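Student: Mind looking over this structure? Questions follow.
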């Protein structure tokens, strides 16, 4: 308030709460209070960034962050200070873990996750092991901090395998807390041991295992607890679960029943359920692989310890001896002898050189022995559990590196300090020494890297204190020496300490005590009471008791002590694990060896040495946990306790070391941006920022020792940044005053001008107003005179009119009165007449209704009586046996029919067997006849013209049929029109003629039935016609093939002989030549190994019968052709051609079927074992197959010879008559056709049966018609009873219904006719094409070279049908050229998604030829090829986008051309022709859909991986608007030593450029617009989420200038979306939370109106996010105030796609 002058006795100050304070000044010492840091540095997240480094500044900064901002973490150089909030905070969720993952340690707010991430990153970058050292007082939060660090490492370094090792690492925490944590007066969950967890990583830095070391378990807590303290949690958890059935044998009860758990009184913990925690402990045991039996053993041992504490001792022999009661439970649980244990608990063995004595012990000694045994058992159990945890976390994979987490006790000082506090403080001395050395090492590296002269800094060296404890003849050595003395005491040991170390500067003797001593530790001086040191150091337990436990019947109990040896064992330090465990020793000395066990102090010193070696070999990271108050109250700050802990954990020492050097460090860029306002204009014109900054500092800071200029940074002494801030604030304040002065002057001048102008205007308006008022007065006077004149005239006029109107009114009312009287009289008489008429009519109707109602009631009662009688009779009849017989008559008839059918089939089976045997003999005679016919045909000369004439006649016949169908269609349409006109007339006449309506309904139903019958007959005729058309088509194709070959032509062996049986031109791959190979294979198997299955032989016979029937049908067709040949000579040659072709086809059929059967027999013969019972039948079948094969081969050769001779004769013969030889051949074939009469007879029988069924159906139809007539008559009677209006309405509805149904039937008939017409047109086109091919030149031979040339040359557009053909062996080449080796640039200039179209055209051809194997193979290879390419290019955005586009396009093609009506709505007629015909690929569409989703997810992952490192730097940090943002000073965490080298800053232009690249790639490759929009929507959501998370986790970016910068950046992104036409994608809406956060940073935050504005504006932000941003808001200067898929069809047709030559797909042939 008042400036201080030299000599003033006090300072007048104003505190932050506006209170005035007068601070006295010591004039002699001239000591002023410590200076406060500027506002910009208050609340800084790194204490080393403070300009003034002293205890008040540090304490104030921590208090502001903890209480005002609720920030529990603060950096202090390399140390993370964590203040326990004593309540759960929402800052440890998994999304926070991912927010800190991959971030630099100085980029985010302080957090335990940032320290863990720094350790993980340095391990991966430097390939050096790391350690996280967590220390602090009990209750400061060490355990939970270590747990969160392990949780972070387990999340970011999760194992990719199924071992789930990270879950096991985390599962070890509840187990160790249960057996090693307890409630103390300071902490409800205090760790009573130290632990070091090594988390191992492999070369890919995934967790592979872990190892746990423990230090100095507090065993005394097992047998003793102070007031308001508890034993270890596991005891209370076990007691809380005592009622479980599996624990019935443990004889447990409530915890207050046991001595070892009730000494602390009522020690229940609020908010903790011991039973629930026990279930978590058991679950953790199970997760770590500890079996249930081992768990039960652990619980038995713990229960035994509880029962051991409840033993009662009864004094005997005057108190020199005692006996023990209630030992049964303890012995039974551990499986030891009751008598032995009772004896050795009350006695001890003394061994001398001469003999051994057994001595009784007093009750006090027995209690001590009991407690020692309990502590020893628990310690061994603790060690055993740790070993099992390490075993579960062990891995066989080689460990590449590890991160260790050390959770160890902090410095402790109590009113009474004993051996435990001495060991704890000794460990903290060692850790503090290591910490000091590491800090100095980092300081030295930083100074040397920047080229700053390194000067030695005086600091506290605690090596003398460590030497006092652990050096030769130090405290521990003297303690061990006193333990070896037979009668050593604590007093003697204390006296030795006084004598030895009295002159040490770190050792003192208290004035008032001879049994205690004081050690000056680095944190504070501590007074230790020597009482109990020797006993705790020895940790004695009697050997006899241990031997009894070794002999236990329980193996697990024996295993606890199996490592103990006769000479007291030492604590083992296992190789590779370094597990430290403290165990008790026996109190006596073996006479033979005289060896002594290692004491507890010696073991602890060794384990501590190993720990320091491990820490020195790693890079340490420090976490110091602070307890803010002793009452465990949330967010209550006790400055005295905090300062005490800051001193104890070395934080203030770190501050002092930093303050001794150059604690404030700025990069040149940040310094230039912050203090450019202090620079001169001529200096700013320079380009060297380093020189500009150096010039400014030389001008401002005269003392060169106050700063140093490094290579990349500027180093300042303490207080210099505050001085620069003061100068900057003064400069800004002066500039502000100048601006205010100028603005205020301008405002006043503007105000004066406005006032002067306003005065002139007022004067002008006033004068005008006075003139207007005078004129108004004069006008009003003149108007008043006129008003008076008019008013007087009006008054006289109105008086006259009133008198006249009154007279007229009286006359009118009088005349009206007389007229109304006459009218009312006439009206009354008329109404009386009407009432009489209606009354008489009502009486007559009432009488009629009453009589009719009585009649109806009588009729109803009579009919009901008759109906009941009839129902009763029917029920009696239904129960009778005669009725049941009638019902069963139908079933008996069916059984008889089935039996009769079986008999007929047996007869038919025998008959067909005879026919099969006769067929074989008939074939030989037929061959002889064919030879004769061949001789006759050699002399005949017949041309090919007759065949052409026959085809033309057939074509003309089809045309006539088509014209006939057109005529029928016209007739139907005309009849439909006439019928419609007639119905319209009927509808008009229906209003008056209801009876005619009823007859029309009957006729309509009858016509409907006849139409249905006619429709069914018509459909059957259409199906038969289609079948015959297809058969004719197949025969004509075969004829075309024969005609195209000029000479003798052998049919290829792979030509299908079943083409006439299929509706599609399929190809059979069976070869006749394989038959001999199959027979030979079967013979090679041998008769011994063959096993004949008679079912195969039966199938063979059945197939032969079917073939015989098919042959007869074909002969019937030949017979018809023979009859046609008699009429015309041209038809004779066609007849012979078809006859020869059918014989050849029949031979191929028989041969293929026999071939298949032989293969099946051979397969069965190879699979089954040999059987002596079926050898004969198998040989017989082989002989039959051989003979049939030979006969078929002979027939084939003869037919081929005959065919050749017939063709030669046909070429030589002109137009002549049939020779005698030809007639003989015809007669021979006619003889063969006679065998078909049996089939004709059977067909006639079936036709007769069909006619009988039709007749029966007609009878049923007549019966139904009669029934309908009866119902219609009943309906008519009912309708007649209705009113005429209802009858007319009912009739109209019936007529409308009938006409609607009739129209629907006619429409369906019309559609069927149209479909038939389309089908006939299509067949006509096929026939026309065949005729053109027949008239054309002969086919060109298909060699491999010509096939390639044909694929390379483009056909005419009209010939290409949008299909691509390839051979099966070319499929791998197709996949390699089209998928595996294809680069997106190779098809960039073609149609987008060209590979997808090519693949679909190949699939369509496979569908066209009905090859399901080819379709399946191609689709499977395609999917596997795409997956292989994506796996290979899993980080290539262009390749992933390319195959996402092609996969989606292939999926759309399969939907668009699937033939489903729902997918064909948007197709053109040309595209509908390209639909699939034979296969339903729904399942493959599902697979492709899943593949598209996987590719999309990979695309998003790649894009997010590229963009995520840019977001925070480009959106939040980059200064798009120059000079807007201010820069705060950096702390130690922003130094280069803690970050990777290199500049990782990005600008918003970099993000926009990358988005442009993504957009251009996806658009160029033809990706669906919907997918492109979804991709950018998801990417913008990721940009918004990452930026918002960084904003919520970083205090340095929560300022007004950042809000302005952020809003500008968001507008740039929105402009980009608008420029790319992506505003409809919803991507802009994903930025709404970020926009509102930017607006929140710019809003006023003072009044309640501002709060309402924030609530109404920030609708997309949660309350927690708003509060977080407001708490993080930081003013950048003193002038700001801080606050508290759908389907996408393609328009491209398949026949318009051109294959570029660069794809090397010449083997594909257009179809």
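Each position is counted from 1, following the chain as shown.
A Cβ is built for glycine as well, from the same backbone N, Cα and C atoms used for every other residue.
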Student: Looking at the candidate ranges 974-1007, 1008-1041, 1042-1075, 1076-1109, report the one that TrEMBL labels region 'Disordered'.
Tutor: 1042-1075
Student: Which one of these stretches, 585-607, 608-630, 631-653, 654-676, shows up in TrEMBL as region 'Actin-binding'?
Tutor: 608-630
Student: What same-chain residues, at least 6 away in sequence, bring their CB to under 8 Å of the CB of residue 138 (ATP binding site)?
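Tutor: Correct list: 184, 186, 187, 190, 191, 409, 410, 412.
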Student: Rank the binding-site residues 139, 141, 143 by how many other Cβ atoms lie within 10 Å of each Cβ and give me the one with the fewest.
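Tutor: 139, out of the binding-site residues 139, 141, 143, has the fewest neighbouring Cβ atoms within 10 Å.
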Student: For ATP, what surrounds 136, 137, 138, 139, 140, 141, 142, 143 with a Cβ no more than 8 Å from their Cβ centroid?
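Tutor: Neighbours found: 84, 187, 190, 191, 410, 625, 627.
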Student: Let me check the 10 A CB neighbour count of residue 140 (ATP binding site). How many other CB atoms are there?
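Tutor: Other Cβ atoms within 10 Å of residue 140 (ATP binding site): 25.
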Student: Please report the number of other Cβ atoms within 10 Å of the Cβ of residue 136 (ATP binding site).
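Tutor: Counting Cβ neighbours of residue 136 (ATP binding site) within 10 Å gives 27.
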Student: Would you mind checking how many other C-beta atoms are within 10 angstroms of the C-beta on residue 142 (ATP binding site)?
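Tutor: Total other Cβ atoms inside 10 Å, all chains included: 27.
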Student: Is it possible to list how many residues within the region 'Actin-binding' (608-630) are helical, extended or coil according to DSSP?
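Tutor: Its residues divide into 9 helix, 8 strand, 6 coil.
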